């Protein structure tokens, strides 16, 4: 048995070594036939001695079970997106902002890398062993793709080398080579299946396939572009580049096209060099990424809620195609904004078929001087968003009809009004305009508002068209018999929707403000307004001066809020929602407490798990009333983690960082003491 064990271990080490050279260093030191022969030997030995198979064996990257669905998984820290620029001025403005946030005399160098056009994922290693992987998702929560990610040959299941942290997060891109993409589509053609439109879509579909064995067949590749150590390594690393090189030493693939630049000229030269090489690479890239190299400066510069301030994507100029304009349709948005949309003969750009593009506003139509049947140039801005660049006027017919922005709403025929300051044209009919009504109602009952399970756009559209609802109040008087008459709505679904409507009555001031759909008032601004006024009646009777005092609420949004509550019909609807429909705002029950004397005053708190005594919203409301600051992410600046049943990864992260942890019993005791 000992000799068999030794033979298995020897074969495993040899194969892992070959995989490291091939996937990480891009060096083939053995033929495919030799590799396959050794692999078969190991597989047959492990098959006879299953007790000797570790999780990091090369054979464990095949033969996994089929997943039924992908569960959601929370990231240890947000997976932020990058700010984009398409020209040198954008990069120079980025550098200027960085200089402002640090001392100008501090040395500044940048780590420049390729911006791979793939799927961003996060991988967690514990004690050097691969334990989980997740997609970016919404940045805070992604899909658990652990079983599929372990099928990617270039992702090591066990790290090698020294100074490996207790827990390590690796972030990077999963992509497919162009050559493999062509082979895959040829295979699909033979089997009469649908084509993948581009390598990125093929990689995304393969990564999320319900069968991990299919993922393994698709030959996906992973490349690391960043990492985070939850516990410091023995050797302190001070730069982003050092971290990447450390990852490389542990067997994690890192793209070799990385340079450290200390001047604008060096960065622009690297950009031009990569732009020239772009079409000769066997994988898609859409630019370069420029990152402040110093980790200390990265921390000092910080991030916004969307992107790090210390990094920017310098993207290549978009690809262009010529086509014919067929029509311009004018869409009415939720807040009445009229948006022109150009429809043209379909064109294929960067692997995607495009047939329409937003023209944004009246000024854009006038700038382009658009006529029907014009020959136009289309591009994908940032290789993503369709954009009408210009008109080739020399090809215009003599009798071509000019496209005119309408003076009346295309849906309700109300006269349109232009806001010069916002550069927007609106229909001010509100809920009497069917287009606004449908979108406003969907927004009112959406996930971040007063969420009603099962109440989607199709059901709302049909309810409006049948005259069953005209405003949010009507939904609270619906009966299951009203819903049953709709398409694809049976008794069971109707009862589910009615019950959900009843439950949504209990909400917070923040959600209620957001649900009203006031122009410019998103989720974050709604939260700031709720925290400032605490009570709805104070908000309804506020003036412009008070609104301007709220951090993050500018002049335009202040005017929008003031105008909304100055409109009699809006005030009447809000009052009816509270008094007649029975909407109950938890915030109105907050006890008047001198928050400065509480245990939680000015403390940064993170919640995890399910709580017995409170819903998550109720607990947040109570803690905010006690002067606490609620955060979604654990860091060294966190004061307390409060946990309930079924807690997640935040609990372990808090332990690693020595953050004070409070259970439900301690929490109840502290809240009771402080509310007395």
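Cβ coordinates come from backbone N, Cα and C, glycine included.
Annotated features in Swiss-Prot:
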- 32, 33, 34, 35, 36, 81, 82, 113, 136, 173, 291, 315: NAD(+) binding site (BINDING)
- 115: active site, N6-AMP-lysine intermediate (ACT_SITE)
- 409, 412, 427, 433: Zn(2+) binding site (BINDING)
- 595-676: domain 'BRCT' (DOMAIN)
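Distribution of Swiss-Prot features across the structure.
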residue	record	Cβ contacts under 8 Å, 6 or more apart
82	NAD(+) binding site	115, 289, 307, 308, 311, 312, 313
136	NAD(+) binding site	79, 119, 120, 121, 122, 142
291	NAD(+) binding site	110, 111, 112, 113, 240, 298, 310, 311
409	Zn(2+) binding site	332, 338, 415, 416, 427, 429, 433, 435
412	Zn(2+) binding site	427, 429, 432, 433, 434, 435
Item to complete: Using the structure shown, find which entry in 427, 433 (the binding-site residues) has the sparsest Cβ neighbourhood within 10 Å.
Response: 433
Discussion item. Averaging the per-residue pLDDT over the domain 'BRCT' (595-676), what integer do you get?
Written reply: 80
Worksheet item: DSSP says what for the domain 'BRCT' (595-676): how many helix, strand, coil residues?
Response: 33 helix, 17 strand, 32 coil
Fill in: C-beta crowding around the residue listed as 'active site, N6-AMP-lysine intermediate', within 10 angstroms
22
Response to the item:
Note on Zn(2+): the CB centroid of 409, 412, 427, 433 has further same-chain residues inside 8 Å, namely 332, 336, 410, 411, 413, 414, 429, 432, 434, 435, 436
Practice prompt. According to DSSP, folded down to helix, strand and coil, what is residue 291 (NAD(+) binding site)?
Written response: strand
